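Trainee: First the structure, then my questions, so here it is.
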Amino acid sequence: MELVQQINTATLPQHLAIIMDGNGRWAKQKGLLRALGHESGTKSVRTTVESCAKLGVKNLTLYAFSTENWNRPKLEVDTLMKLLISSLKKEIKTLQSNNIKLNAIGNLTNLPSNVQKELQEVIQKTAENTRMTLTLALSYGAREELIQAVKKISNKVKNNIISEEAIDESIINQHLYTHNLPDVDLVIRTSGEHRISNFLLWQIAYAEFYFTDVLWPDFSEDHLYEAIISYQKRERRFGKTSEQIIP
Ligand code: IPE
Ligand code: IPE
Ligand code: MG
């Protein structure tokens, strides 16, 4: 039986988040420049996005560039920004034909203005699409996201827009970049690293984790299906006992 047939489409993760890691090592192994690893990684982005949409995943979030990634050599940062623009220009067709809405989270004002412009254009053009929301985490850091949420909330408390007593999980959710997205159900990280690297700290509170040694440019549809099959075999107890889940 093909892997995809082992997936139960009724219990898909509502929100899948992927830390796409290993482009540099993929290139190095082949004796290529890191830039070619990133370029090759864009192919995995396309197949993953299309496969998720076809399966019926409603929300896919891809970690594409972290706040810490600004510390990479300028040449690499420039390459990544150029690649982002060319991918947005090229993939708008894929997004439209698959009815996918683009969204972006992160400190977007730090991105070069041509990237911001292209991003806003694709976001606007795909705004009415309904099959899946694809969120790109760009210049994204979870700690920065929490800091800006705390600032916004404290400002509202100071101006009597909300009371301190009213601050709850829902208020915090509303002030995160991800305010319109559900909690993350499954996080996949490629390349054998077992860490979060400042990604969605609040939203992953009860997520399942799937780590694979596969480097991002080699991540195929079947690797995605394997991750989802693993997720579907798990019992998510949310603090309860197993007996409470399956009486
Ligand atoms: C992931 O691949 C892409 C980004 C972080 C932008 P890396 O560039 O981190 O690849 P490795 O970890 O060096 O192999
Ligand atoms: C995390 O990967 C960020 C992205 C995938 C965009 P990194 O390669 O930057 O993470 P660290 O530095 O190894 O933790
Ligand atoms: Mg890396």
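Our numbering is plain: 1 for the first residue shown, then up by one each step along the chain.
Keep in mind that glycine also has a Cβ here, set from the backbone N, Cα and C atoms.
Nobody curates TrEMBL annotations by hand; they come from automatic prediction.
Computed from a predicted structure; not experimentally measured.
Marked as Mg(2+) binding site by TrEMBL: Asp21, Glu208. Annotation comment: TrEMBL describes Asp21 as active site. Feature annotation from TrEMBL assigns substrate binding site to 22-26, Arg34, His38, 66-68, Trp70, Arg72, Arg189, 195-197. For Asn69, the entry in TrEMBL reads active site, proton acceptor.
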Trainee: Cα-Cα separation of Ile196 (substrate binding site) and Asp21 (Mg(2+) binding site), in Å?
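Mentor: A Cα-Cα distance of 11 Å.
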Trainee: To the nearest Å, how far is the Cα of Thr67 (substrate binding site) from the Cα of Asp21 (Mg(2+) binding site)?
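Mentor: Given the Cα positions, Thr67 (substrate binding site) is 15 Å from Asp21 (Mg(2+) binding site).
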Trainee: Helix, strand or coil for Gly22 (substrate binding site)? Use DSSP.
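Mentor: DSSP call for Gly22 (substrate binding site): coil, neither helix nor strand.
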Trainee: At a 10 A cut-off on CB-CB distances, which of the binding-site residues Trp26, Trp70 has the highest count?
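Mentor: Comparing the binding-site residues Trp26, Trp70, the most crowded Cβ belongs to Trp26.
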Trainee: Can you tell me how far the Cα of Glu208 (Mg(2+) binding site) sits from the Cα of Gly24 (substrate binding site), in Å?
Mentor: 26
Trainee: Are there any residues in the same chain, six or more apart in sequence, whose C-beta is under 8 angstroms from the C-beta of Gly24 (substrate binding site), and if so which?
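Mentor: The answer is Arg34, Gly37.
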Trainee: Can you tell me the CA-to-CA distance separating Gly22 (substrate binding site) and Asn69 (active site, proton acceptor), as a whole number of Å?
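Mentor: A Cα-Cα distance of 14 Å.
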Trainee: Take the Cβ of Asp21 (Mg(2+) binding site) and count every other Cβ within 10 Å, whichever protein chain it belongs to.
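Mentor: Asp21 (Mg(2+) binding site): 21 neighbouring Cβ atoms within 10 Å.
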Trainee: Please list, in sequence order, those recorded positions from Asn69, Trp70, Ile196 with the Cβ less than 6 Å from ligand 3.
Mentor: none
Trainee: Which of Gly22, Thr67, Asn69, Glu208 (the recorded positions) has the most other Cβ atoms within 10 Å?
Mentor: Gly22
Trainee: Could you check what DSSP calls Thr67 (substrate binding site) once collapsed to helix, strand or coil?
Mentor: helix
Trainee: Looking at the binding-site residues His38, Ile196, which sits with the largest number of other Cβ atoms within 10 Å of its Cβ?
Mentor: His38
